[in-house]
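Okay, so here's the structure we're looking at.
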Amino acid sequence: MLPSQPLLHAAVFALAALQALASDTFIAAVYEHAVILPDATDEPVSPDDALALMNKNMDVLEGAIKEAAQQGAHIIVTPEDGIYGWRFTREAIYPYLEDIPDPAVNWVPCTNPTRFAPAPVQERLSCMARNNSIYVVANMGDKKPCNASDPSCPSDGRYQYNTDVVFDPEGKLVARYHKYNLFRRETQFNYPKEPEAVTFETPFGKFGIFTCFDILFREPAVVLVSELQVDTVLFPTAWMNVLPFLTAVEFHSAWAMGMGVNLLSANTHNINLAMTGDGLFTPEGPLAYHYDSRTEEGCLLLAELSARPRLSPTYPPAVNWSSYATSIKKFPEGNDTFSGAVRRDIFTFSELRCKAGNYTVCQGDLCCHLVYQMSNKSKDEVYVLGAFDGLHGSLIKYHWQICTLLKCQSTDRNTCGQPVETAQTKFEMFSLSGTFGTNYVFPEVLYSGVELAPGEFEVLRDGRLKSKHGTSKPLLTATLFGRLYEKDLPHPLRTSP
């Protein structure tokens, strides 16, 4: 007699769980999705039209999920806005939202879709996870009714949240996270009253989850890693790349290294909005990443990661980010310093006029030190050492400390800090350090063509970012990116009752 489908499914899942338990590693996937966008409108479309658009995107996501599962992936992360896009007013997004219950209700939408209000998106995501025996991470919209007894209830009588959901290999909803740090254009959504620190256990480690802009703030990002000790962070994002420091692949890889955690970063793909770049990042560096600013195609990445990286023999030691820079005999600060803007941030720069040397640049409480030697200095290229210590942002202001060695856009020093993607100059060596006032520092090295440099640099315990050998490709920037969360200004938009 052949086993029934439910029994067969349970047996397959149990076997997969045992296999995962027997290993210290797991296979993860991220999918960079070229989202099919709705027509821009201020008026809500019908629920049927909204679902039709979402199903088109979920058709693509389902194909990626099936492929990942066939290649042995235990979990797949899909992007922020990956199901419906972002062209919405508050009213226009409403037909795309569902009421997402607390995971404590122990619900498998695939097998019990009518238990709560109509939820066709949750049902389909649940079935994707269940039918492929894989954890599925997706981003969608949650709606919650409220009434006049709630002083912060919006005038339309509902909260609307940018929301991540996680379904386990049986299709059960195991995590729901409401984005806490909304980007300034996300006026269609509400801010949660309190930050959520969402974690869940798997056979391959403890997972946490947050969304896009959240990564730049203490809550929930630092709380999950430093206080709740998650092993892996799931990160749906819709990241618009900003050179020289904030392209998706360089900052997300740097954040994983600086925080000592796995980061599964899934980005949307829209080259007109400079959205591209996803990856599977670890404390030791990227295992796989993708950056494509030329084509309109999505991309699936897979890699095998350590399930509990803190227990790994290769886990990087703790770093005192200011130890070296505060203890050395200070090199004389160059007299030829000048100011330059990286977007709106005014850096103090000093031009590297020689092929080798020692330089110091200071701003505020931060002094940045550089020892370097170029191997093939191009006469048409200018490099600078820069320092920034201050608040960043036009509306939401948060405190950065940055030390950077970067290539200017041209030989005109007024272009230093402007975006540039190509270079010709290689370095035989560089060593960058700073007198940081924080333990939260993220090391970035970016090569010409927006390529990472895995295995070609190291961070010493005394806080020096050093090349291991000569750079194999021309250098765009080497940066230590620090965050002083305690100096952030109060959020001007988030309100509580």
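Even glycines carry a Cβ here, placed using N, Cα and C.
Where the annotation comes from TrEMBL, it is an automatic prediction and has not been curated.
These features come from TrEMBL:
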- Glu80: active site, proton acceptor (ACT_SITE)
- Lys179: active site, proton donor (ACT_SITE)
- Cys212: active site, nucleophile (ACT_SITE)
- 31-307: domain 'CN hydrolase' (DOMAIN)
- 1-22: signal peptide (SIGNAL)
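Feature annotations (TrEMBL) mapped to structure.
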residue	record	Cβ neighbours (10 Å)
Glu80	active site, proton acceptor	27
Lys179	active site, proton donor	26
Cys212	active site, nucleophile	26
Return only the integer: C-alpha distance in Å from the residue listed as 'active site, proton donor' to the residue listed as 'active site, nucleophile'.
9
Roughly how many angstrom lie between the C-alpha atoms of the residue listed as 'active site, nucleophile' and Glu80 (active site, proton acceptor)?
7
